[in-house]
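Record features (TrEMBL):
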SIGNAL    B:1-18  signal peptide
DOMAIN    B:27-352  domain 'Sulfatase N-terminal'
BINDING   B:ASP35, B:ASP36, B:CYS75, B:ASP285, B:ASN286  Ca(2+) binding site
ACT_SITE  B:CYS75  active site, nucleophile
MOD_RES   B:CYS75  3-oxoalanine (Cys)
ACT_SITE  B:HIS138  active site
Number of protein chains: 2
Amino acid sequence: MSALTLTLLSAIICCSLTEKPSNVSSPNIIILLMDDMGWGDLGVFGQPSKETPNLDAMAAEGMLLPNFYTANPLCSPSRAALLTGRLPVRNGFYTTNGHARNAYTPQEIVGGISKDEILLPQMLKKKGYVSKIVGKWHLGHRPHHLPLENGFDEWFGAPNCHFGPYNSSIRPNIPVYNNSEMLGRYYEDFKIDRKTGESNLTQIYLLEGLEFIQRQTVARRPFFLYWAADATHAPVYASKRFLGKSQRGRYGDAVMELDYSIGQIMSWLKTLGIDDNTFVFFTSDNGAALISAPKEGGSNGPFLCGKETTFEGGMREPAIAWWPGHIKKGTVSFQLSNVMDLFTTSLALAGISPPDDRTLDGLDLTPVLLKQSTTLQNRPIFYYRGNELMAVRLGQYKAHYWTWSNSWEEFKKGINFCPGQEVPDVTTHDQKEHTLQPIIFHLGRDPGEKYPISVLTKEYQNVLSGISPVVEQHKKTLVPGIPQLNMCDVAVMNWAPAGCEKLGKCLKVPKSEPLKCDWPH
Amino acid sequence: MSALTLTLLSAIICCSLTEKPSNVSSPNIIILLMDDMGWGDLGVFGQPSKETPNLDAMAAEGMLLPNFYTANPLCSPSRAALLTGRLPVRNGFYTTNGHARNAYTPQEIVGGISKDEILLPQMLKKKGYVSKIVGKWHLGHRPHHLPLENGFDEWFGAPNCHFGPYNSSIRPNIPVYNNSEMLGRYYEDFKIDRKTGESNLTQIYLLEGLEFIQRQTVARRPFFLYWAADATHAPVYASKRFLGKSQRGRYGDAVMELDYSIGQIMSWLKTLGIDDNTFVFFTSDNGAALISAPKEGGSNGPFLCGKETTFEGGMREPAIAWWPGHIKKGTVSFQLSNVMDLFTTSLALAGISPPDDRTLDGLDLTPVLLKQSTTLQNRPIFYYRGNELMAVRLGQYKAHYWTWSNSWEEFKKGINFCPGQEVPDVTTHDQKEHTLQPIIFHLGRDPGEKYPISVLTKEYQNVLSGISPVVEQHKKTLVPGIPQLNMCDVAVMNWAPAGCEKLGKCLKVPKSEPLKCDWPH
């Protein structure tokens, strides 16, 4: 955004807000969700290039959560889990087409978020929250799957990844929506220069976020902003001002621009005087995509492998909670926590009871965030890949019941989820079962999952006897949801999104040919 | 140290220092040198366990140097380089017994620091500095090699690593000296419980440091304190108060105690009112020893391999410069720099001209530290292993001319310098020459050295044509020093150190049997 725009926005504010807004009981909620950004991409988490002064400052002013997880090592299920507070295997964001396969929502997917699920913005309505998503949705792109049909009041962004450019006959370019109608398409109306990496999208998303915050503040309505920028997902992009500015190329440039934008959002809250009434949480949807590294992928710091895997590099996420006057400055909580907790925690902050007709996997983290409580210490973390429980973390220990990175077939073609890393029996290219004798790591001493604890030790036996009943209980009580990511069809692609007529951008829809989606890893 | 001791020390100070010491022109210099601590062991460099609030605060109050290097991936040569400002291949801290082998100063070593070398404390005397080393010396343990014979005025610590316990016939325990006489021996008089990891050594070193600082401050003499604690070198230890306190076991406990101690030193400087007249530099001697991990070894964060190797994990070091009012708060400098610069920079701070009769490898970093200058940008980093130039970094690029981790023979016995990591053609177990076609990495995009740049690219050719003349020039002008680490002899071990008579701790010296030392890696 230009300095001019910001000045204009400030002018609007200073004239409309003559007094500081009253401290309403329900704080505003902002979730800043990055796309494929790794744990190791933040300065405060050790990125040598130190591109994130604003996020580092946010951590210094808030709470850092080094043991924060996603619910799935891939974008769509992770996002569905965040918004429903439930594991993908419960909310249907998985496939049964193959064992332990990652599924998501490419544009040929037939499914999306089920009408049986309750999403965070739907719940927040009970207390009058206005909700907006800026950026990537990824919970299905057919009309009934879109954000405004699922609790959001506003949307600016796209239903799918910004892959492309595509031609208009075999595969249409992804639409960008403003609320319920398309505004244009990537590469056509919203430029991303695949050669130089230049795009103004992050600046547009920033402006959309600032404008929404400002509007709700003036109207004195509590708001939920789900800011889901995607500049760090390949093809990575940055605007001209940031290109070439980082130590590590285009990926780092994108991180710098996102960090800058988050700094703008934080300072906007202070300018508007709503910082002490706004809870902000920063995280990412899954680990850095090492298949796109080093030119278009990030860093998982000391962790093993990356996106697509249930090793720490795939599922441990950078996480910062910020709420001046409520969350103690400069604190670190080692609480095991995850994206699904954001659902339950947001409801607790808003003073809304969570739905009681379904199993929720998210916990209410407010005792941890507001009182540095450690009472939630014994909660486990479940690492799923598709329909399989691959691993479980309890306390400092993680037990792998199944391992695999990707198939030998893919690996031989050069697709590698663990480049430069090889832990025997762990980063396997077969789906390898260890149910009878899980591979156990101590994640405190060994965050990189490189030193399996010998099965002959007392430590191993003690750990196993603690984890086994947790796994048993989980499996015994789990009722999987109906899998939503099994069927694909070229006819459901973004040929003619709502609003295309006005723009003359409707494309011819091909004949429907439903078939089982192929999920190779 | 007990709270009581600190109170007593404070009482001494408050009564002896009635006015703030005048701001003398030559600042005090403190170098805090850790032992086998890795880049990834600091919170600010991404350790998930976040054990270093004091070091993180030091970084926030000073300058972080993410591109800081040691001169050798092993303790003795690294320390010799720090104190002489010269590469080990120049100052003699290497061996010619084998090609590209790491050598150091175990107690059977005959050699040590040459009388031809000029050490930092010798130079600092020109401006009246009083110098003390607290902790590990490691530049030779025969009488003429010891600190007080080489420029230091005071010493409290040991000449060698705290390995042991040894019996008194085949191998004596290492002595602990107070100045020029032994005070006792490790495991006998200075306890380290190998089973529990308990030892008060760090507390003793802390007190020695605080007491020295206090004494020089009262006497109004500029001082150089070289605080070389060794709790993070295996066998790692911590005092009772810290044992079991970290998230990652005994190693993390040791880090917490070192961090606490550094916090005490920094706050002591403030209490004494000499913080704005004291330059403090924190770093480590080499990368974390992954052979001791995960129970007794640290973390190299995102970097490849560890101690003993010329990959980034072996030679990239955590580094923080601190000098309130002179070094700008919260800055990051990407300057390529190394331990040898501490020699030259300390002289510049003290206003002393460096020796002009020899080649120095250290640069004066004061423009970088005090003015955030970037004029030193084109300086290379040389990665030596023993007598071989293994790799060179210039700007963001690193070219490997030779690779090896350790021999197949050792590797098959379970000695692994790169556990869980394997980069084809890079982490080799043969000494592999790549002189004609070096393996090149971009350390910005790829700090973990996992993605070699293809030799077919223009980028590779451009980089090579920039690095080649630098390497050629270096090799052409290099005059290796006489190797000091070739000969070993059981007779030179610490059987009867000075002062042993008074303590009744002299042991029988066996017959001299000089032989070439065996350096296996």
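Cβ atoms here come from the backbone N, Cα and C positions, even for glycine.
Automatic, uncurated: that is what TrEMBL annotation is.
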Chain A neighbours, filtered from recorded positions B:ASP35, B:ASP36, B:CYS75, B:HIS138, B:ASN286, Cβ-Cβ distance under 8 Å: none
For B:ASP36 (Ca(2+) binding site), the three-state class that DSSP assigns: coil
Residue from B:ASP35, B:ASP36, B:CYS75, B:ASP285, B:ASN286 whose C-alpha is spatially nearest that of the residue listed as 'active site', among the binding-site residues: B:CYS75
Taken over the domain 'Sulfatase N-terminal' (B:27-352), the model's mean pLDDT: 98
Cβ-based neighbourhood (8 Å from the centroid) of the Ca(2+) site, residues B:ASP35, B:ASP36, B:CYS75, B:ASP285, B:ASN286 excluded: B:MET34, B:MET37, B:LEU74, B:SER78, B:HIS233, B:SER284, B:ALA289, B:LYS307
B:ASP36 (Ca(2+) binding site): tally of other CB atoms within 10 A of its CB: 28
Most Cβ neighbours inside 10 Å, all chains, among the binding-site residues B:ASP35, B:ASP285: B:ASP285
Neighbour tally for B:ASN286 (Ca(2+) binding site), based on other Cβ positions within 10 Å of its Cβ: 32
